[in-house]
Structure formats: structure tokens, C-alpha cells
Amino acid sequence: MNLNNLKKYGLFMLFIVFVLLSFIFNYNVGEGIYDNFLQFTLTMVKFLPAVFILIGLFDTWVDREVIERHLGNQSNHLAFIWAILLSGTTVGGLYVAFPVAHSLLKKGASLRIIFTYIGAAAICRIPMTLFEASYVGIKFTLIRLLTSIPLIIISSILLEKYLKGRGYQIIDELTS
Amino acid sequence: MIYLLTFLLTIVLFIKDKEKTIAGVRIGIKKLIKNLSVFLNMIILVSISLYFVSDQMIVKFLGQSSGFIGLILAMLLGSISLMPGFIAFPLAGILLAKGVSYTVIGGFTTTLMMVGVLTYPIEKEFFGIRVTIIRNFISLVVALLVSLLVGIFYGEIII
């Protein structure tokens with residue numbers, strides 16, 4: 001294990017030590033945190049590997065030209081609708097939307113579409129919206145969606161303008 | 001469910017083009033391994049925060065809060081916590097039954113979904129520190145606007 005890996009997994013190793021010590025000394029806080037850790041890890045295992053395989057398949061199967069045409073800089077307003085529809089299918093949370101958005105961006109989607117996708121993935125995920133409607137009310141859900149979607153689109157366009165003016169480049173080392 | 005879908009898709013694609021599909025699966029696994037530590041770190045942060053910012057604590061804090069202070073508190077709690085929808089919305093239902101305003105609930109749920117202090121390590125890995133900070137800040141402003149609009153629609157905020 002090289003130094004870089006040590007740095008990457010440093011927190012994890014520290015955490016393992018903390019949990020072990022907690023169990024040895026019956027430290028309740030540590031045990032409770034470990035329970036949460038186990039539960040959340042299981043939740044992630046339920047979909048995260050599949051999501052990454054889908055991202056990989058997307059990488060080799062979908063032509064750059066298709067993404068550029070529909071979601072790229074020259075795309076029309078329909079692109080926002082595609083982004084929002086795509087975001088509706090997001091499972092998990094924002095942490096799943098980031099890698100997906102990153103590979104879309106690498107395939108030539110424009111920044112405004114990427115930020116719309118991320119924003120919509122946060123608020124329009126279908127399973128989550130159903131939960132919201134049943135616990136807080138359909139009226140609330142509708143108001144929230146109808147007010148936030150336009151705000152997300154507007155802010156995404158503004159953010160793209162700002163970043164383009166500053167020559168923003170995405171991080172590439174992840175996929176190298 | 002998603003595994004079944006992924007599996008079926010992989011089979012179909014494999015029949016269509018063996019090499020492309022194997023390469024794709026390989027890229028996926030490689031990316032997963034590469035990002036494993038970032039996800040682990042997030043899980044650790046979430047499990048710590050979930051322990052200290054529990055359901056009961058949120059109900060206690062937001063249960064009797066109202067007005068602008070309540071909204072700010074709700075947005076703060078929403079930003080620093082991360083919980084799945086099946087926990088968050090029943091919680092919102094409890095708050096509603098306790099008489100918490102729709103404005104405050106809107107602030108809590110919207111920041112919960114859009115602003116991620118705990119997902120910061122992942123987001124910065126993919127989009128860089130600057131974009132992450134700006135996006136989260138914008139999301140905070142959007143959440144504020146959304147909850148004010150929710151309040152106006154429900155007649156809780158009179159303009």
C-alpha cells in the first residue's frame with residue numbers, strides 16, 4: 001500500500017480503530033455510530049456497484065455525438081426536459097448523481113444540463129417524491145416541484161455562464 | 001431490482017457486442033474501486049452525524065419553532081444531515097402534526113435534498129472544490145426561495 005492509498009483510506013482505518021476500541025470498552029456512542037455505519041453501507045451495497053457498471057456501459061456504448069447533440073452546448077430547451085426525466089430515475093441520493101453527471105459531462109453534455117440534472121436529482125427523484133406526497137401532501141409536493149424546477153434551471157444557466165467565463169475544467173484523473 | 005435490470009442489460013449488450021460490453025463493465029468496476037474510499041468516508045461522516053442529529057433531536061428542535069428563526073434552523077439542520085426519503089418524510093409528517101409550518105418543513109426537506117455538507121467529499125472529487133461550494137451555496141438560496149414561496153402559497157407568509 002503506497003502513501004496515496006494510506007491517505008485515501010486514513011479516515012477509514014481511524015474509524016475501524018475507533019469502533020474496535022468502542023467495543024472493547026463498551027463505549028455506547030461508538031457502538032451506535034457503528035450500527036449506523038453498517039446500515040448505511042448495506043443500503044449503498046444494494047445499488048452502488050450496479051450504478052457504476054451502468055456508468056461503465058454508458059461509457060463504451062453511448063456515442064459522444066448523441067450526448068452532444070441532445071445535451072450539449074448546441075442542444076435546445078428539450079435538453080432540460082431530458083435532464084429532469086433522467087434525474088427522476090436516480091436511485092439513492094445526490095452521491096449517486098455526481099458520478100453519473102460526471103460521465104455525462106465527459107461525454108459532451110453542457111454544464112447547464114449537468115447542474116440541472118444534479119439539482120433535479122436532488123428534488124425530483126420519483127420514489128422520494130411519492131414518499132413526500134403521501135406524508136406531507138400532494139399540494140405541498142406540487143408547489144415544491146413547480147417552484148424549485150424553474151429556479152434550478154435558471155441557476156444552472158447562470159452557473160454555466162459564470163464558470164465558462166472563468167474557463168472551468170472538470171477533473172479528469174478519476175477516469176484516467 | 002437495479003441489479004436485475006443491470007444484469008439483463010449487460011446480457012443483451014453482451015450478445016450484441018461482446019468486447020464493448022466487457023470493456024464497459026471493466027470501466028465501471030475500475031471506477032467503483034477508484035471511488036471506494038470517497039464513498040467510505042462519506043458513510044463514516046453520515047453515520048457519525050446521524051448518531052448526533054437524530055430524529056428525536058430534529059423533532060425537539062423544530063417541534064416548537066416557527067417564524068424566520070425556525071426556517072433558518074430547519075435549513076441548517078437540513079444542510080448538515082443526510083437521510084433517506086423513507087426516514088425524512090415520515091419525520092416531516094410528524095413535524096406537520098406537531099403544528100410546524102409548511103414553510104419550515106419546506107426549508108428542512110429542500111436543504112436536506114439539495115445541500116450536502118456530508119456529500120462534500122464526493123462532490124469535490126468529481127467537480128472540484130470551487131464548483132462544489134458554489135453549487136451548495138446556490139442550492140441554499142434556492143431552498144430559501146422555495147420555502148418562502150411554499151409559505152406564500154399556504155398563506156403562512158403574508159406579503
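Cβ coordinates come from backbone N, Cα and C, glycine included.
TrEMBL has this to say about the protein:
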- A:6-25: transmembrane segment (TRANSMEM)
- A:37-58: transmembrane segment (TRANSMEM)
- A:78-98: transmembrane segment (TRANSMEM)
- A:110-128: transmembrane segment (TRANSMEM)
- A:140-159: transmembrane segment (TRANSMEM)
For the transmembrane segment (A:110-128), sequence-distant contacts whose Cβ falls under 8 Å of one of its Cβ atoms, 6 or more beyond its ends: 71-73, 75, 79-80, 82-84, 86-91, 93-94, 96-98, 100-101, 104, 144-145, 148-149, 152-153, 155-157, 159-160, 163-164, 168
Long-range neighbours of the transmembrane segment (A:140-159), counting only residues six or more past its ends (CB under 8 A): 80, 84, 111-116, 119-120, 123-124, 129, 132-133
Positions on the same chain near the transmembrane segment (A:78-98), where near means CB under 8 A and six or more residues out: 43-44, 47-48, 51, 70-71, 110, 113-114, 116-118, 120-122, 124-127, 149, 153
